[in-house]
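J.: Sharing a structure with you now.
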Amino acid sequence: GDEKRPWECCDIAMCTRSIPPICRCVDKVDRCSDACKDCEETEDNRHVCFDTYIGDPGPTCHDD
């Protein structure tokens, strides 16, 4: 599982309960990371990456 995550970081990850989990990141970002294949523009000129990633969704973008 050395696949690059389709996002640099993720605050709102939605993952299945399977092992390993299959995750999507529903963050709205200014632009998708280079690794994202399926990047959709939102109504407010932001972007959401619709790629899925198998495994840990990685670090959050914002520390509370």
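Glycine is treated like the rest: Cβ placed from N, Cα and C.
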J.: Can you look up which of Cys9, Cys10, Cys39 is joined to Cys25 by a disulfide in Swiss-Prot?
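T.: When Swiss-Prot is consulted, Cys25 turns out to be bridged to Cys10.
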J.: Could you tell me which of these disulfide-bonded residues, Cys25, Cys39, has the greatest number of Cβ atoms within 10 Å of its own Cβ?
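T.: That would be Cys25, with the highest Cβ count within 10 Å.
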J.: By CA distance, which of the disulfide-bonded residues (Cys10, Cys15, Cys23, Cys49) lies nearest to Cys32 (disulfide bond)?
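T.: Comparing Cα positions, the candidate nearest Cys32 (disulfide bond) turns out to be Cys49.
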J.: Near Cys9 (disulfide bond), which disulfide-bonded residues out of Cys23, Cys25, Cys36, Cys49 have their CA within 10 Å?
T.: Cys25
J.: Near Cys25 (disulfide bond), which of the disulfide-bonded residues Cys36, Cys39, Cys61 can be found within 10 Å, Cα to Cα?
T.: none
J.: Name the residue among the disulfide-bonded residues Cys9, Cys32, Cys49 whose Cβ has the smallest number of other Cβ atoms within 10 Å.
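T.: Across Cys9, Cys32, Cys49, these disulfide-bonded residues, the one with fewest Cβ atoms within 10 Å is Cys9.
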